[in-house]
Amino acid sequence: MSQTEELSTSPEDIDRAAAHLRAGRLVAFPTETVYGLGADARDDRAVAGIFEAKARPAFNPLIVHVADRAAAAALVEWSDAAEALAGAFWPGPLTLVLPLRRDAGISKLATAGLDTLAVRMPAHPVARTLLAAFGGPVAAPSANRSGRISPTRAAHVMRDLEGRIAAVVAGGPSEVGLESTILGLSGPPTLLRPGGISAGEISAALGQPVAERAANAAISAPGQTASHYAPVARVRLDATEWRKDEARLGFGRVACDLNLSASGDLREAAANLFAHLHALDESGAPAIAVSPVPRRGLGLAINDRLARAAAPRGPDT
Ligand code: TXA
Ligand code: MG
């Protein structure tokens, strides 16, 4: 990718941004919390592009942004609690984590293979117009390089991501400036990330208490402990020869059962990773052997994910 276009909030430019998303390209856009780096949440390759552009070393699950409640209910198992909270706080800076619907069609890279999904309906008028114009779910983390500060202006996005994404819609400063509150609703209501909406406000709207989790524990939990995706089969990494009975997950020019990318393209490999692990797991092989994947660029995140899949299984993994 060479040029990043700065788009205005005119109807023509919003249509152009939506067309980029439809084509699997990345578009940064304003929300009331921070600018998000958006991609079609159903498109593995587009979602892989988010991790690549951010140079994120791990595949954290992403928040999927929707235009309205009906769009959220098509992706997750909607509940009375979700209805009450959406009624009170949507559109706005509250993200709800709910059980993923089987027919949701969301990229496994966006969910990090979890069986839950974080959904949010943003309040920013430009975000809402873009979501409506695109007409589908948009995965969007904050539009900054990994390890840098979240952007609250288009200029911040440009500083970090110019030349790495197709476009940024310049919609003025984000009002909240802090990422959304994340509430887990797949079990007892649990605050997973503090944000602009407090636990007290949430429990008042719900009519029941909300459990709180330490902020740092909340951020590191997904993808790192109990709920991360691990195949049933044992996983052997950096395999340069294949053993009998192993399913073979290749990378580059190797004979194998499934190839992450025969041409050695890391973005393609990231896009295929979860789907291929699932497919080989479902084949019933007792073990999956994986070719070495280079530890650079997106390869760092791929290796992070593979290492988790291969880690010894404790009682809580
Ligand atoms: O305000 C916001 O939420 C911004 C704007 C752009 O909407 N987005 C944002 O996304 O902060 P991101 O990717 O930085 O935050 C994603 C975090 C993950 O690191 C994880 O903590 C949590 O959301 N998360 C996502 N999916 C989850 C899941 N299924 N279960 C638990 N936590 C989840
Ligand atoms: Mg962030």
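Note: Cβ is positioned from N, Cα and C throughout, glycine not excepted.
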Besides THR33, ARG120, ALA140, SER142, SER180, which of HIS65, HIS156, HIS276 does TrEMBL list for that L-threonine site?
HIS65
Most crowded position, judged by CB atoms within 10 A, among THR33, SER142, SER150, SER180 as binding-site residues:
THR33
CA pair THR33 (L-threonine binding site) / SER150 (ATP binding site), Å rounded to integer, equals 10
Local Cβ density at ARG56 (ATP binding site) - other Cβ atoms counted within 10 Å
18
Please go through the binding-site residues THR33, ARG56, ASN60, ALA140, SER142, SER150 one by one and keep those whose C-beta falls under 6 A from any atom of ligand 1; give the result in sequence order.
THR33, ASN60, ALA140, SER142
I'd like to know which of these binding-site residues, HIS65, ARG120, ARG193, is least surrounded, judged by other CB atoms within 10 A.
ARG193
Counting every protein chain shown, other Cβ atoms within 10 Å of the Cβ of ALA140 (L-threonine binding site) number 28
Of ARG120, SER142, SER180, i.e. the binding-site residues, those within 10 Å of ARG193 (ATP binding site) when Cα atoms are compared:
SER180
